[in-house]
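**Q** The structure follows.
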Amino acid sequence: MTNFYLKSFLIFFRIGVFTIGGGYAMVPIIEAELVDKRKWISKEDFLDLLALAQTVPGIFAVNISIFIGYKLRKFWGAFWMALGTILPSFLIILAIALFFRQFQHYEPVERVFKGIRPAVVALIAAPTFKMAKSAQISRYNIWIPVVSALLIWLIGFSPIYVIILSGVGGYFYGRYKSKKLSKDKGGNNA
């Protein structure tokens, strides 16, 4: 195993061990580690891979690790990053399964988990605001993520359809803007 593969495995293993709340709670930590600190991928590539990871079936954390790993080092990058993501959860669940009955109704454990839940919400919300800045959300297009979130949350609309509809809408909006710019330039020359 080369140094890169070992490093990438250990990064995702550490993230998996210390991130409570699953895939979306991992996003800010993965971003800080791979985009900001190590500069292995650009912010734009990270956002694209994030969107892609949300559209395919499967566990989000595993999807994002596979896509990042594949982008960086093809099959073996995907393999080691995915293994680093999966192994901590597997080992933790195995340990919990072995001792679950002993502390299932232990009040201090229940209190700890009740305290952790709000922090997990914050871990998921923080990258949302960060991504909104990167995606250039403004007062003119803020309605798109708001309506998308409401469709998914209230109606149960599939995120895949939201992404497809947003892409189609963006395509037609881009065509409209480009025609309008061409028309404005043509009108100014007369």
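Each Cβ is built from the backbone N, Cα and C atoms, and glycine gets one as well.
Heads up, here are the entries from TrEMBL:
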TRANSMEM  12-34  transmembrane segment
TRANSMEM  46-70  transmembrane segment
TRANSMEM  76-100  transmembrane segment
TRANSMEM  142-173  transmembrane segment
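Show me how these features fit into the shown structure, please.
**A** Listed by sequence, the residues of this chain that lie at least six past the ends of the transmembrane segment (12-34) yet keep a Cβ under 8 A from its Cβ atoms are 40-41, 46, 50, 59-65, 68, 80-89, 92, 116, 119-120, 123-124, 126-127, 130.
Among residues of the same chain six or more beyond the transmembrane segment (46-70), those with a C-beta under 8 A of the stretch's C-beta atoms are 8, 12, 16, 22-24, 26-27, 30-31, 34-35, 40, 76-82, 84-86, 131, 134-135, 159-160, 163.
Packing against the transmembrane segment (142-173) from elsewhere in the chain are residues 51, 54-55, 132: each is 6 or more residues past its ends and has a CB under 8 Å from a CB in it.
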